[in-house]
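According to TrEMBL, the protein carries these features:
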type     : residues : note
SIGNAL   : 1-22     : signal peptide
DOMAIN   : 14-212   : domain 'GH16'
ACT_SITE : 98       : active site, nucleophile
ACT_SITE : 102      : active site, proton donor
CARBOHYD : 106      : N-linked glycosylation site
């Protein structure tokens, strides 16, 4: 009997803390776009669209303070020049924290640019950009953010592409005190998004649509000043996770072959000296 009770308790806790695919109706609110954002298939899918009048966007109902978050996206196909699909975590206020994925569209046949950035206490300027090793418009792919007190990791289909370590011991701020919501939007940014703004949005191709499914958040939900991870009962090893040697090797492969911009290598931009984290080992 005792073993049966233990098994039931274990199954209950596993169910409680497991990251299951969420329903968009339950987890998100479409915040702008006048009907251009749609939840479909009883909450299994969500789409955002953009036309000349407006884009659209949504945000999570929950705030999170650390998490391992997955979203599957299929990006605007065809001539997506000028469009940006943004998917990110952010707090509010002038000194906000933010963890960004932004997908910068391009003309047909040319690759998307995946733009990443990290803000801490209102300061960003930590951009790293990538091309992808697949066409992100043909099918859904998983874009993930691991955020814990030690590290932020950006991953694509389970392959880490970027890590941002906590270097507070070196005087570098790290996002760890401000709860953040998940946001996504599809909007026109043809003043800068494609080839430095040289290629404009072709509105004859509108409406442009990005699609979402299979959101998962194994995360600490923040509510009324307390965290759902505060009870001490959790099997969430992501809270202490760091990249192992195999993951570092995969990330190195991506950065060697697909990274197209690294702020830590931009000596012309930072002519007075690279940011501290670029020259400091943790």
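Even glycines carry a Cβ here, placed using N, Cα and C.
On the structure: features taken from TrEMBL.
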residue	record	Cβ neighbours (10 Å)
98	active site, nucleophile	18
102	active site, proton donor	19
106	N-linked glycosylation site	21
